[in-house]
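Record features (TrEMBL):
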- 94-146: repeat 'RCC1' (REPEAT)
- 147-199: repeat 'RCC1' (REPEAT)
- 236-287: repeat 'RCC1' (REPEAT)
- 354-421: domain 'BTB' (DOMAIN)
Amino acid sequence: MVDVSKWPLFTLLSAQELASIRQACIFGASANEAIYITHDDEVYVLGLNCSNCLGTGDSQSTIVAKKLDCLTGKKLVSLSYGSGPHVLLATEEGELYAWGHNGYSQLGNGTTNQGVSPILVTTNLQNKKVTEVACGSHHSLALTHEGEVFAWGYNNCGQVGSGSTANQPTPRKVSNCLQNKVMVSIACGQTSSMAVADNGEVWDETNHLYPSFLWKYAKCNIASGYAHSLALTDEGLLYAWGANTYGQLGTGNKSNQLSPVQVMTEKERIVEIAACHSTHTSAAKTQSGQVYMWGQCRGQSIVLPHLTHFSSTDDVFACFATPSVMWRLLSMEHDDFLTVAQSLKKEFDNPETSDLKFSVDGKYIHVHKAVLKIRCEHFRSMFQSNWNEDMKEVIEIDQFSYPVYRSFLEFLYTDSVDLPPEDAIGLLDLATSYCENRLKKLCQHIIKRGITVENAFSLLSAAIRYDAEDLEEFCFKFCVNHLTEVTQTAAFWQIDGNMLKEFICRASHCGAFKN
């Protein structure tokens, strides 16, 4: 599953908000805007809000997600964005909404006024069900259920396919060569448009006033970059054409290609291709799950497909595209599958699956011998060296308190510790006894974060007692820096006389008692 937190904007959301996301998209000239749809079909936006592209009704940026009430309950099936940016959204009912930049009438409402909130686009689309949308830099496409293509907006290169280079203020059906043809998918480059017919024909609109036939294959998927295009056939073959300044065609050189050429011929079957009109990056995924990237990748020109360690083409755009936008509306796969780590965490202290109990302060903690043997050398020795405990179903613990020992066992299942500093002292004692060095470091970190004037001397005493040198130095410096307040606490006057003498001597060497 794709981790949306790889896009910085989503780190602003809480874990609960992230879990509610069903679909999401990062867009904008600098990838500074985000839109997401929840499982309850509520639409939220956040980010910079260039050209009112968040649709919130104002021009204010926001780092707190805002809900677009007018889209609540609208089941979204397709979303795309331009460079302005402007945003197009198609619903399950076939409605088309648009907002954002409109300097070239790319919103399709017949004006050039920016759309500060979502508007329903209806001109020439009455009784039409829109199933897919695509945006170029400043032009727009819509595909209907009947297989018709409508285009509008900026038309300097003929990308609207109207027979002229005049801008198109409202949706216009692209006919001419597409008359009587059923189109099944659409895509846009910065100033180009593509559509695939049900018979596999690919039609291209760039520097042509009307759609022109480009290529035919039994069945294919298409994707458009800034000025290059990719096509994937039903046999898993990948073709590329267009601009190649950054090696985005993957041909091993930077020569432009006017017609499709096959790439990745030596690789296994390709199952997914990825490109986006605002980048010069390309990506592909093979049948076995290998992900390749090429083109402009973090400023470098990669002229041949490069094998990555990613599991998704979306990760390529999150980490290497410029800007790091999403190349598609991302659907989140929230399911009941648990990783090994999640499963272990879930089974801690579960009496239904455990085969061993620890009794501490009269309370039981349910665990699994196998997990303890794998995770801790102390228990590995206990259960493999004929210790008396190896034959017991219940092991009594009296050296440590219940919160401390439970936290230790939970650490073996989760790699994390959640204790107040005072209890972390006891856990530090346990970690020292069991030679658990990583746990020892975690305890010291907890203690450092929780040190106060009131507990500083107690923590210093514990650090000395458990031979935690780094923690001892930290606590000592804290006590010296807050000497007057620390010496007035009860903990200071309850310490051992020898330790008090040692502290005073050490503090004097640091100049703590100079006027």
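Just so you know, glycine gets a Cβ as well, placed from its N, Cα and C.
Each residue of the repeat 'RCC1' (94-146) gets a DSSP state, and the totals for helix, strand and coil are 0 helix, 23 strand, 30 coil. In the predicted model, residues of the repeat 'RCC1' (236-287) average a pLDDT of 95.
Helix, strand and coil residue tallies for the repeat 'RCC1' (147-199), in that order: 3 helix, 22 strand, 28 coil [DSSP].
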